[in-house]
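One structure is given below, encoded as structure tokens.
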Amino acid sequence: MEIGLERGFRTALGDIIIMQLQLASVFFTFSLGTRVHYFGRTILHGGAKYRATGRGFVVRHEKFAENYRLYSRSHFVKGLELMVLLICYRLYGSAADDGISYALLSFSMWFLVLSWLFAPFLLNPSGFEWQKIVEDWEDWSKWISCRGGIGVPSVKSWESWWEEEQEHLRHTGFMGCLVEIILSIRFFIYQYGIVYHLNMTTSIRQGIRQSIVVYCLSWLVIVAVLIILKIVSMGRMKFSADFQLMFRLVKLVMFVGSIVTIAMLFYFLDLTIGDIFQSILAFVPTGWALLQISQACRTVVRGIGMWGSVKALARGIPDQAAIQPSFQPRPSNPTNSGW
């Protein structure tokens, strides 16, 4: 409006179009996520401090690991949570029966989700150049697999970075930890609601399906995953570089056992492929809630010897989501390295 009054509405309209083409709305939405995250953390735990915003003209490419360290907890995690909410709303909600109504109701939220998840890559110089992607992958692999410890900076090791991300919980009081636990309980709602929509539960008798037994049985899956993580954590500590074959055999046995269990569920309880994807929607938020609660109760978790499992869970949700060495990008032809 101000530009329209000063320079004319045609000029103002042109400036608005140019700003949209320059993704100004995406950048503004992304910057709001930064303010919301650190305002909320400061209110709950204190410890306000200055964070550089980088006001200069940036032409340097930032690696993926650096973007992840800066924006994981403030944008990526919250964006994924909102995305799961929108997917659940589409699958199980009754307010929007058709696709057009759903698109009109959720357009602004999807724009927020996409901005928080992809803005660092869209606004990153040379972000889609193939050679840069390969270099970013190699840097990410080294960072995620490097062990932390005394004197190891967060830019070199995922473990050191993860420990630094919990620094505010070490200096907060009892009420701060209690609020963190209460806020984390919201993730259990996903599991409670989705398990009653699985095909394997609807095929059971109606009385059992509506009872609390189904929800309790779903927790057996969580307990089994935690046990597997504990075994992997113990194996990584006990079977060092000299016993890698034994460690791989243990992982192979667990993998085969998991496949056999899923096959039995397909045969006896009418498990479907859709049930597997719905279970991911249910159990990933539950794992994140357990992780957040474990970090808030760090002393207790260390006392019962489960901190190694918590660290293994933190690597998987969401820090190494679906990234396997077999899908590692390879350098392309040097004469044609760009997209």
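Here, residue 1 is simply the first one shown, and the rest follow in order.
Glycine is treated like the rest: Cβ placed from N, Cα and C.
Because TrEMBL annotations are produced automatically, they should be read as predictions rather than curated entries.
Per TrEMBL, the feature domain 'Glycosyl transferase 48' maps to 4-176. Marked as transmembrane segment by TrEMBL: 12-32, 99-123, 173-192, 212-233, 245-269, 275-293.
Of the recorded ranges 12-32, 173-192, 212-233, 245-269, the transmembrane segment (99-123) has the largest number of C-beta contacts under 8 angstroms with 12-32. Same-chain residues lying 6+ beyond the ends of the transmembrane segment (275-293) with a Cβ under 8 Å from its Cβ atoms: 77, 81, 84, 87-88, 91, 180-181, 183-188, 190-191, 193-195, 197-200, 218, 221-222, 225-226, 262, 310, 313-314, 316-318. In the predicted structure, the domain 'Glycosyl transferase 48' (4-176) carries a mean pLDDT of 84.
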